[in-house]
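Worksheet: the structure to be examined is printed underneath.
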Amino acid sequence: MDLRTMTQSLVTLAEDNMAFFSSQGPGETARRLSNVFAGVREQALGLEPTLGQLLGVAHHFDLDTETPANGYRSLVHTARCCLAHLLHKSRYVASNRKSIFFRASHNLAELEAYLAALTQLRAMAYYAQRLLTINRPGVLFFEGDEGLTADFLQEYVTLHKGCFYGRCLGFQFTPAIRPFLQTLSIGLVSFGEHYKRNETGLSVTASSLFTGGRFAIDPELRGAEFERIIQNLDVHFWKAFWNITEIEVLSSLANMASTTVRVSRLLSLPPEAFEMPLTSDPRLTVTISPPLAHTGPAPVLARLISYDLREGQDSKVLNSLAKSEGPRLELRPRPHQAPRSRALVVHIHGGGFVAQTSKSHEPYLKNWAQELGVPIFSIDYSLAPEAPFPRALEECFFAYCWAVKHCDLLGSTGERICLAGDSAGGNLCITVSLRAAAYGVRVPDGIMAAYPVTTLQSSASPSRLLSLMDPLLPLSVLSKCVSAYSGTEAEDHFDSDQKALGVMGLVQRDTSLFLRDLRLGASSWLNSFLELSGRKPQKTTSPTAESVRPTESMRRSVSEAALAQPEGLLGTDTLKKLTIKDLSNSEPSDSPEMSQSMETLGPSTPSDVNFFLRPGNSQEEAEAKDEVRPMDGVPRVRAAFPEGFHPRRSSQGVLHMPLYTSPIVKNPFMSPLLAPDSMLKTLPPVHLVACALDPMLDDSVMFARRLRDLGQPVTLKVVEDLPHGFLSLAALCRETRQATEFCVQRIRLILTPPAAPLN
């Protein structure tokens, strides 16, 4: 169904439903249903012309006719998904609204949530339209003055995001992946609730399991808490959360479900300089020095994975480099050594430059080792913010050169070498190749970079707008990772009283807090179920109950019990009962209930949860909801909105997001998209695999276009309906398996020697 037909069908159904519920009397539920359909009609009619314009020019930004992908197309596709869901829901309501089994409260909650999402998508479409008018033809990233980019960011971070993390979570992705995203979001908000209080690791995870029940049954609360976390918690929180997969119990479970390999060994490469021959003249050599930046010389860790035990992999030299990881279970009898492979894959993992290791990526790397039949050498580089740029690049380059020189120890002859990585690892694959060319040593025979980030500048692009709704790559989290990697992140110190507790004091404190959380979690579950059933829970007399009262006003969802109340008795969950005026207007409500709920949802005040989003006083926060002050001499982005349209504003009070104007983010070894032509011409064939709904999509499209313009061999494959990081979700569903298989095909293409020319 084309966009215009879909919009017209939705408008017709909305008008029919609006007329029906308007005639149902003065009841609160009927009034809200009528209002929400009026809002759907208004937003759909306002959005359709803008989407049509974006779609009409989107082909100018594609790599070629065979690869129709860029941020403008992705925004239109996302808006169509939202419109399609509203169309489906409107049809359902029209067909079942007279039935005694019609769940008015459930359908109202979904309609209000998706109307809020549609309103925000309309704002994003206007942003994209503004970019379209100020960018050069064919350019996706804004290249103008930094003031306008800062104004974009200032306007952008004030938009409300919670609607995308509640009932609408992951609506743009394939349905098979949405349950995982919901589980991830519940785990995130539960983990964030205990972060900075239980600092000793596993207790945070354990407490989250017992106290996160209310987030599972209350999508609105989950969305509000998700928004608070992504805007206020620092990069150390994200390191801790993303590294949950490093916990031995979880990693063991993941390995049980993955392919069994003969070799999976962690190696420690000594920080000793060695010589490498120059490709221009092998008789000459260049010295490869160990990494020195920030922390001085230190061993570099890497993991060797091989499906078969090959010659050299159990040599005395390699055994001396092996690092103990505890006893490992040998599931199959020790085989005879297979001959060395003719190829080698050097892998660099992702994780935003701040988290994860090869252990997190081991499940899919084992599958690669089996399918490709070659050894895989995965580098564990030092992570930011403790080791900012260029430490990771130095370590990856050092480890790559070591692997090329000592490939016989890794079970390979090194005839063909592929550099492969995802996300931040894809960035490092490209920059390692640039550095190898600069040193004059052997570059890999090809690069496979999955959804890489190719520019770390704070530049607006249509695909970056998707970070407003992306549960894996929110804009503020991207900024925190960039800040950490570039070395501009403020140092975060533990509280002095925590240091004074000592190890035993921390254990005693965490045990006490864990038992308290267990009791409060059980009480929270009971209260939630009692509220959902229409019963009023008894008041607790526990002194610790005071600590959970600020969230009580957010806890109640739109439920049948709440909607069954007589008109005028709105209860305390006004946040869940937003009318269409509330959903489409950023002006503060005059309702005391709304004022109270907005106050309840305000940001946390402790300084230890503020990263680089500077604190502001309450008056500034209130003004920011209605007014975003422009910089001097800079056009206002708000002018992109037509008169009468007001997107929803965030209640979190975020007033600032740093603009990375430091020259370091323009370094070509940090942002290869900004590298001069002479450097990019030294790259080997590059194979990019991107996601159509990834905020990093435009990075891949523009990088491929630059290489294509230079005559460099490059391919770009864009997979549909999958989020950033699909390699780590390879076993989740058919779509992720197919996307992962395509990455394997690209690696296999690189490792295949070119056909000999015919005489």
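Cβ coordinates come from backbone N, Cα and C, glycine included.
Thr574 is the residue among Thr133, Thr574, Thr579 that Swiss-Prot labels phosphothreonine. Considering Ser105, Ser251, Ser382, Ser559, the record held by Swiss-Prot lists Ser559, annotated as phosphoserine. For the annotation phosphoserine, the record in Swiss-Prot points to Ser651 among the listed residues Ser315, Ser547, Ser651. Taking the Cα atom of each, Asp694 (active site) and Ser423 (active site) are about 11 angstrom apart.
Ser423 (active site) is 31 Å away from Ser651 (phosphoserine) when you measure Cα to Cα.
Summarising the environment of His724 (active site), the number of other Cβ atoms within 10 Å of its Cβ, over all protein chains shown, is 25. Distance noted between the C-alpha atoms of Ser650 (phosphoserine) and His724 (active site) is 25 Å.
Neighbour counts of Cβ atoms within 10 Å were compared for the recorded positions Ser423, Ser650, Ser651, and the top value is held by Ser423.
Here the Cβ of Asp694 (active site) has 28 other Cβ atoms within 10 Å, regardless of which shown protein chain they belong to. Separation of the C-alpha atoms of His724 (active site) and Ser423 (active site): 8 Å, rounded to the nearest whole number.
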